[in-house]
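According to TrEMBL, the feature domain 'G-protein coupled receptors family 1 profile' maps to 41-292. Per TrEMBL, the feature transmembrane segment maps to 26-48, 60-79, 99-120, 141-164, 197-226, 238-260, 275-294.
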Amino acid sequence: MAGGNQTSIFEFLLWGFSGQPEKQRILFLVFLWMYVVTVVGNLLIVLAIGTDARLHMPMYFFLASLSCADILFTSTTVPKALVNIQTQSRSISYTGCLVQLYFFLTFGDMDIFLLATMAYDRYVAICYPLHYKMVMSRRRCSLLVTACWVLTSLVAMTHTFLIFRLSFCSKKIIPDFFCDLRPLMKVSCSDTQVNELVLLFLGGAVILIPFMLILVSYIHIVSAILRVPSAQGRCRAFSTCGSHLAVVALFFGTVIRAYLCPSSSSSNSIEEDTAAAIMYTVVTPLLNPFIYSLRNKDMKCALVRFLRGKVFFSWGQ
């Protein structure tokens, strides 16, 4: 069946959580709790930053953008997984699968680019503090976030189009709880060599180039911090970077495992792939609000003020 002729009556079966039917209710409750906490936690961060003029700085602008991306990223996969678990229906239409794939790639890549942008922001703030306000102006920050959205959309469109041109025959079972590139390529009966090459080079570049930029930024940051004479100054500088480093390690570790490390078709490998997917699609967006708020005094104070109704809307305050 040609990719262009496959209509909405063609369906895939998302088989990610079907191995243990007796645990479906527990899975539903756990995923529902994680989704609600993720959305509420990230939304609180966005609202606290947006309503408190004390946090109208580049670092928090990027953090609010990351929280928005995390809400959208999680909402691309988890609600459909919850519906499938609750209704015991594993199906997703061909069109729905491609739409989910596009938005999943867009928001997932957005997380990657934003984490690299946040590392650059910390690099400028710590290594060039006197030039920080000039380099990280409001206009430049907006341009950086806009560029991230444009790049992620182009990358997602490229991968989605290459999946669209594939044919899918009788084997339509996807061993995951959402539509992703590798599982879709595995169930295709077309030649996926072009898709594999694009995933290797374009996907690898999207993951590894930002990751290397983050590493280089933090090498310079650590070098600059170690030259600070005051122990208190060093601790303060490290604390502002610790939250970001924790998120980077958690997110990139699981993404690299999922996309750049080859996996076999054995049951153990499929379970490992599913676990890695849960880590970067559900667990990381869940933990981000806790990591950034608990380790950041300004963020904690802003959340307390917001929850008490003491907001500051003026940018000039």
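Cβ coordinates come from backbone N, Cα and C, glycine included.
In TrEMBL, annotation is done automatically, which means it is predicted and not curated.
By the Cβ criterion (distance under 8 Å, sequence gap of 6 or more), the transmembrane segment (238-260) is counted as touching the transmembrane segment (99-120), at least 3 such pairs being found. The stretch in 60-79, 99-120, 275-294 that contributes the largest number of Cβ pairs under 8 Å to the transmembrane segment (26-48) is 60-79. Remote same-chain residues near the transmembrane segment (197-226) are listed as 109, 112-113, 115-116, 119-120, 122-123, 126-127, 155, 158-159, 162, 181-182, 185, 234, 237-238, 241, 245, 248, 252, 255-256, 259-260 (criterion: CB distance under 8 Å, separation of at least six residues from the stretch ends). A Cβ distance under 8 Å defines the sequence-distant neighbours of the transmembrane segment (99-120), meaning residues of its chain 6+ beyond its ends; these are 59, 62-63, 65-66, 69-70, 72-73, 76-77, 80, 92, 144-145, 148-149, 151-153, 155-157, 159-160, 163, 178-181, 184, 206-207, 210-211, 213-214, 217-218, 244, 247-248, 251-252, 255, 280-281, 284.
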